[in-house]
Protein chains: 2
Amino acid sequence: MHPFTDKRSESVSALGEVRLLDKIRDWLGSAAPAEPYGMGDDCAILPRGKAARLITIDPVVYGGHFNDTMSPRATAQKLLKRNLSDLAAMGGLPTAAVLALTLEPRTSLRWLAGFYRALADCARHYAVPIVGGDITASTVPGHLSASLTLLGNPAHGSRTLTRRGAQAGDSIYVTGQLGNTLGTGHHYRFTPRLAEGAWLACQRAVRSMIDISDGLAKDLKSLQSPGLEAEILAEKLPLRRGANPRSAICDGEDYELIFTLAAKARRSDFERRWRAAFPKTSLTRLGQFVLAGTRSEAALNLANYHGYEHL
Amino acid sequence: MHPFTDKRSESVSALGEVRLLDKIRDWLGSAAPAEPYGMGDDCAILPRGKAARLITIDPVVYGGHFNDTMSPRATAQKLLKRNLSDLAAMGGLPTAAVLALTLEPRTSLRWLAGFYRALADCARHYAVPIVGGDITASTVPGHLSASLTLLGNPAHGSRTLTRRGAQAGDSIYVTGQLGNTLGTGHHYRFTPRLAEGAWLACQRAVRSMIDISDGLAKDLKSLQSPGLEAEILAEKLPLRRGANPRSAICDGEDYELIFTLAAKARRSDFERRWRAAFPKTSLTRLGQFVLAGTRSEAALNLANYHGYEHL
């Protein structure tokens, strides 16, 4: 759906700021908590005992992350879920979110209503209260973006997983399938791996983790400690419907988790416990990290593949 | 300074994402904490004991909050300080910040270097670690915006002040001077009233507080409980250099605090303690809240004045 309108009466500028904020309160409904924990003050306040230690911020920009072929509903879901995926990749669970909107005055109220109602539905589904935000006019025609800051905490008080910690011999695992994320609509239909991430952070033998947003080749490099390289086989790649190996390696927006399991861990035992915990989420061992220069000849040379470049 | 360049070699696109992130680490220097508490992972992690309960988010947009006449230094300071002012208005002190940048590929590296270096200086000055963020390409020429999410906590574990709580007879006070914020450069030269806000939140007789970002007339309405109206006198307005009463009432970006003091509090005692605590920050009693319809004829009719309208 096109987000702008030339009919002033159908645009945000007809409403003005105060009435727009009232509308947004309506649209968010129970996804926005009551005072003093909700919108409408200089800061949002989290209840005692809900203070947050994990923060991530990710936007959606018109023409980049969404366009006229995507519904405002899909756009809102994508915005919240890509932040949830970042939280999942640390082993965190969400606490609250704030939303900063930059929009040109021609933005259509119909688009915005669809966006906020879907954001509210998605926020309720994942139990993420929308506690505040900001609305600013864009000075450039055609600009519409929403930036969501997501707050959270380590799941069950356990540790967080970062991108660092992989050692030579550690296995490389990936959840779900890879590739063809645009063709299948996966780039907004995905389910953030929150439960899986939280479970993995409780496993001592899991040493590092990241979610795939810019493509396997690029994001795997972020797990690669100095002096190591990934040794993975093309035939191991779990392909999404319609995906080929190149798309599985290069496409962004898989929003699956890649993590490393210590070499000394008992893989069969770990994989059995995974299947018991997540019978519906497939898990694939892609290969392992090896000392740089010792990769087997059959393995992929990831230097030949590029991920999503933001600039 | 104009933030864009047509010489590709001087733009962010020439650098690419990975090298740009390295540059940003350089520019931020000690304002960005070391791993695991800094940039470079899916989420930022706050140290144990630093979990945040207060959150605010505010952007600066090119063509709105800054333009070619403002330096990147002033722009960065304004961005952080306007968020600090929101925190001050709740009686909070800062814990950390994350920054989301949306920029078109033509953005000049020189502008960006000036922006980040100044942000780092300002962040060190106010002891706000920049713990993470996001960079996204804008799809629309001429768009450049930075959205900062500031995290904090109530000062000294004390209560927070919100916009609610004013009662009939409560005094209305304002810090500093008002008006002519554009002419004097105050809109980016201001000092956020962090210490004052924290002190005020410790005073039981102070019932509500807000900072002036959209003008006294508009922001004072946010303190006005149902059934009340403000009774303030034009001659009481503390005018900034070159300001007239209308500009003191309507201009935005004063970033001063307005708060209400309970009617039963001993004003002279309160004002004496203020002067002892903040000898350099003037404090003015503008008037009081009265029951709607009982305002004295000499008082300003704030319905005749408008503040800054964002849309």
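Using N, Cα and C of the backbone, Cβ positions are placed for all residues, glycine too.
Here TrEMBL flags B:40-152 as domain 'PurM-like N-terminal'.
Here TrEMBL flags B:ASP42, B:ASP86, B:ASP211 as Mg(2+) 3 binding site. DSSP gives B:ASP42 (Mg(2+) 3 binding site) a coil state; it is part of no helix or strand. In the structure as shown, the Cβ atom of B:ASP42 (Mg(2+) 3 binding site) sits within 10 Å of 28 other Cβ atoms.
Per TrEMBL, the feature Mg(2+) 4 binding site maps to B:ASP42, B:THR56, B:ASP86. All chains included, 28 other C-beta atoms sit within 10 angstroms of the C-beta of B:ASP86 (Mg(2+) 3 binding site).
Annotation comment: TrEMBL describes B:ASP58, B:ASP86 as Mg(2+) 2 binding site.
Sequence annotations record features per position, and here TrEMBL assigns Mg(2+) 1 binding site to B:ASP58, B:ASP134. Cβ neighbour count for B:ASP58 (Mg(2+) 2 binding site) (all protein chains, 10 Å cutoff from its Cβ): 25.
Per TrEMBL, substrate binding site is recorded for B:HIS65, B:GLU253, B:TYR308. Over all protein chains present, the Cβ of B:GLU253 (substrate binding site) has 20 other Cβ atoms lying within 10 Å.
Taken from TrEMBL, the feature ATP binding site covers B:TYR116, B:GLY133, B:ASP134, B:ARG163, B:SER213. The DSSP secondary structure for B:SER213 (ATP binding site) is coil.
According to TrEMBL, the Mg(2+) 5 binding site annotation covers B:ASP214.
If you draw a 10 Å sphere around the CB of B:ASP134 (Mg(2+) 1 binding site), it holds 19 other CB atoms from the protein chains shown. Annotation: no binding-site residues among B:TYR116, B:GLY133, B:ARG163, B:ASP214, B:GLU253, B:TYR308 have CA atoms within 10 angstroms of the CA of B:ASP86 (Mg(2+) 3 binding site). Under the DSSP three-state reduction, B:ASP86 (Mg(2+) 3 binding site) is assigned to helix.
Each of B:GLY64, B:THR181, B:HIS187, B:SER213, B:ASP214, B:GLY252 belongs to the same chain as B:HIS65, B:GLU253, B:TYR308, is absent from that list, and has a C-beta within 8 angstroms of the C-beta centroid marking the substrate site.
Over all protein chains present, the Cβ of B:THR56 (Mg(2+) 4 binding site) has 29 other Cβ atoms lying within 10 Å. Listed binding-site residues (B:TYR116, B:ASP214, B:GLU253, B:TYR308) with a CB under 8 Å from any chain A CB: none. The secondary structure of B:ARG163 (ATP binding site), as reduced to three states from DSSP, is coil rather than helix or strand.
The Cβ of B:TYR308 (substrate binding site) has 15 neighbouring Cβ atoms from other residues within 10 Å, across all protein chains displayed.
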